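Visitor: Here's a structure for you.
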Amino acid sequence: MTGRSIALLLLTLLFASAAHGGVRVEVEGLGSDERDNVMARLAIRQQSQRDDLNDAMVERLHDQAAADIRSAMQPFGWYSPVLTDSSLVGTAPNWTAHYHVDAGAYTAVHTIDIQLKGEGAEHEAFAAALRRATRRLTVGERLKHADYEEAKKLLTDAAYAGGFLDAYWAVSELRVNPDTRQADIVLHMETGPRYSFGEVTIDNADDQGLNAAFVQRYVTLKVGEPFDPQRLLDQQFALSDLGYFQSVEIVPQRSLADAEHRVPLVIHTTPRNKHRYEAGAGYGTDTGARVSVGTEWRQINQYGHNLDGDARLSQIKNTMAANYRVPQGGKPGENISFTALGQTEQLADGDSIKYTLGASLNRHPGEWARRVYMEFTHEESELGNQRATADLMTPGVSFTRTASDDPIFARKGWFLFADLHGAQEGLLSNTTFVRAFVQTRGVYSLGRGTRLLARMDLGANVQKRFSDLPASQRFFAGGDQSVRGYRYQSIGTRDRNGDVIGGQYLTVFSGEIEQRIRGSWGAAVFLDAGGADDRFVPELFFGTGAGVRYRSPVGTFQVDLAHPLTGDAEGQLLGLRLHIGVRVGL
């Protein structure tokens, strides 16, 4: 391109820019909220980029600015603003409009008259809303339209939440006297009657092969129960948690309410795919390289039976499992489950292979999950020079509870798991023992971007002969989820040859501080302690270190470097051990 061509192009761009200059608007003298609202309401600014602007049009818009500014200031209680400077300079196609505003004296709330009339006038549904509304509106304070509207919304929402579906504002007025700079607020609500739930209909359960009575037993809404939108939402979530539906919508048929103000409800459901397949691959220090495949039949028959199976292969542990569930009770997740499992595991100084058949009854009393089970296990294990072949019929019970603010990345919450099971020699078992195990986790926020994570594991075995216990019933420590700085399950009682053979008791503690650095990236420092041996309070091995964290939609990826503070560091480069894993939730 020649120099002359470039010059022509620049001149063309210059004239084009000038031709589309528009109106530059400047507002001074106000706070940020008031100024933003004035800028948004000024017609001269709204029209500032029109291609057909001319001097006459801009002057008309400029003359209108005073009225626009007064209107924009009123929501903040300024009803008598004064333009101390108003100027318009320039000619087509470039103008500058400048306004300096003195807000003047504010308009104050003079009187507040809030009344509830009708059946719900004294109902508790309005009590909290009334308290919050009166805190929003205070006699003598500057009038703010947003507070007035929020007070109205609080009471309107309370009416709907309490089931007063016909509630309306008989009087809803904001009476402003600009001369006296006083405002009177009048809000009179007629609540009308309180509605309740009517008959519940599930419209298309049969279309997806589910027995209507089966689905109906998970519906907890009762005819005559006071209308409560939160109950509708809870019911919607409960049906979604069953796992059979892609979507659930509960529609109140208000127009069909009867003379007793009972509102029929229709539940619309959309089925999920009945089959699910998954495959994955990854790496973890405790498992090595791993791959997995799995499938689930979410709905086998009209009574909601389901089956899942998976295979997980890794350098340390290989597992194949299948679970058949028969829904029971009236809560999602309550069922009778039949399980088959096969597993091989490479331990620090040995290996194990086991096969398990089991049945369990799973219930959810209150906030807890309770599992009562019976399992038969055949296990062959070798630890050091100890070989054990065990047949165990183990009845047991476990309890689990989780309370957290986020299932993937919790900032506050806790988790508790407790299990007790055992076997009796002669009752399809070749040894006698009772095993107890408790695991707890906690997450606490220490401020913006900082979390304290704590965990504890406690375990104990009471047995007839420890040597008869297979590897899966002994306790070990060490690894990503135990004591970092040590190999997976490398801490435990040792035999005469120094091989780890596990312990009768287990104690593990851990504390970690995690700090978000930027975006999804963070860092952590930690101290772990744990032991497993034949003493009620085992000898503790300590490990400490630091790591990098990356928060993802599926969990937090962790890469840690840990240093053992107790014992030797055999096989550990420079006394450091790398730990890689993923944390989900707590």
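Glycine is treated like the rest: Cβ placed from N, Cα and C.
The shown structure was predicted, so the numbers you read here are calculated from the model rather than taken from an experiment.
The signal peptide annotation in TrEMBL covers 1-21. According to TrEMBL, the feature domain 'TamA POTRA' maps to 25-102. The domain 'POTRA' annotation in TrEMBL covers 195-269. Annotation source TrEMBL lists domain 'Bacterial surface antigen (D15)' at 355-569.
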Visitor: Using DSSP, tally how many residues of the domain 'TamA POTRA' (25-102) sit in helix, strand and coil.
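Guide: Once the DSSP states are binned, the domain 'TamA POTRA' (25-102) shows 36 helix, 23 strand, 19 coil.
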Visitor: Give the residue counts of the domain 'POTRA' (195-269) per reduced DSSP state, in the order helix, strand, coil.
Guide: 23 helix, 24 strand, 28 coil
Visitor: If you average the pLDDT over the domain 'Bacterial surface antigen (D15)' (355-569), what number do you get?
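Guide: Mean pLDDT for the domain 'Bacterial surface antigen (D15)' (355-569): 93.
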